[in-house]
Amino acid sequence: MDRMKKIKRQLSMTLRGGRGIDKTNGVPEQIGLDESGGGGGSDLGEAPTRVAPGELRSIRGPLSSAPEIVHEDMKMGSDGESDQASATSSDEVQSPVRVRMRNHPPRKISTEDINKRLSLPADIRLPEGYLEKLTLNSPIFDKPLSRRLRRVSLSEIGFGKLETYIKLDKLGEGTYATVYKGKSKLTDNLVALKEIRLEHEEGAPCTAIREVSLLKDLKHANIVTLHDIIHTEKSLTLVFEYLDKDLKQYLDDCGNVINMHNVKLFLFQLLRGLAYCHRQKVLHRDLKPQNLLINERGELKLADFGLARAKSIPTKTYSNEVVTLWYRPPDILLGSTDYSTQIDMWGVGCIFYEMATGRPLFPGSTVEEQLHFIFRILGTPTEDTWPGILSNEEFRTYNYPKYRAEALLSHAPRLDSDGADLLTKLLQFEGRNRISAEDAMKHPFFLSLGERIHKLPDTTSIFALKEVQLQKEANIRSTSMPDSGRPAFRVVDTEF
């Protein structure tokens, strides 16, 4: 009888603690048990079913994945052992312990979990049954998400599929691409679909590849958002956020007279988006009003990165056939291929002037005429104003008249002295002398916007500040209504 009690005690300890039976206590390593549970009259001499201590543990499974075991009615005896295993307990053989398995329900996954995990917009509508499917298979949320798993998850939601988007209106067409106004079935929001035709011999145009590679890494409130990329055998479709119009259309709608407070807001946002690009070592290289998009709230965003480049060093040789002629700096017009972020700053100055006056500053139709317009207002450069210019072969070939510089205020009377000073700092002959986007944002011209506007996170709009509001235009006419008779949005200049 004592032997039976020892066996019962050891078995109880094994089930309670998950430990093997001590081989040094005189009990055999393998314990014989009657299949019926071991009644008081069991015959220990019969051939037993043998269970090794390790097998007892394997029944429970690994500790990390074992269901929680709740012991019931575990009354303790005076010797610190449970009554079931105590030497003072009844001689009747009973089940050593009674256990109740507690199975935790699967973690319930919410739409917010999905949005945060996959960086999705807050208003996305997930496919029917998608949350329930993930709830049944939730380990995805307990470990890092691999690139492959992320792609699979996005595809299951509907990203990367043409059928997710509805084409509404055709907005424009270029050599390689057509732009449509569309609607997303995932969010019910309007989108711009830039459909790039893939030539069988050439594949995707390098400008499209460049735009995709840069935009997917640029996350800023003043840079157009690339929502999705759809690749088929015949086309590459880029899905952009939809904005109501571009700056050129905004100027037209205002009768080419923009409220000067709004000019300041637009210019600040242009500089803010550009400063972010330059910090990321990206040059836009094609700034013009048609590539600056504006929504009804007044948010301005940089678009069309088809000519943009990532730069690795301050100056590098690139093609000089960039930037629409009116916004092209004189050093590039004269053949320079060594430039950096300063190439964008000249274009900012031209756009600033155009917003303030309603007309382009240098509307040349040829390179020679463009330089003539520049020199007539800013003065023909000399060795004093532009060291080394006289050794430039193209400059000597044109043989321009000796113009004297004119005061910019005489051409842009709506600018105050701070505005004229900022414009002068942007329109410098030499790229190295042009003010940077980061420094331009700190110019006194923007003091009236307050200090908080400089402390916003990159992805936060300036209109998140209650003190920043777009003012109503005096002569604005709406062209964003469906019956206006012309497209209200131009996502990019698609002439690659």
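One-based numbering along the chain as shown.
Quick reminder: no glycine exception, Cβ is built from N, Cα and C everywhere.
Going through Lys161, Lys194, Lys216 against Swiss-Prot, the one listed in the ATP site together with Leu171, Gly172, Glu173, Gly174, Thr175, Tyr176, Ala177, Thr178, Val179 turns out to be Lys194. Looking up Ser86, Ser110, Ser184 in Swiss-Prot shows the phosphoserine annotation sitting on Ser110.
Looking up Ser64, Ser155, Ser312, Ser436 in Swiss-Prot shows the phosphoserine annotation sitting on Ser155. Of the recorded positions Asp286, Ser391, Asp286 has the largest number of other Cβ atoms within 10 Å of its own Cβ. Taking only the Cα positions, the spacing between Asp286 (active site, proton acceptor) and Ser391 (phosphoserine) is 28 angstrom.
In the three-state DSSP scheme, Asp286 (active site, proton acceptor) falls into the coil class.
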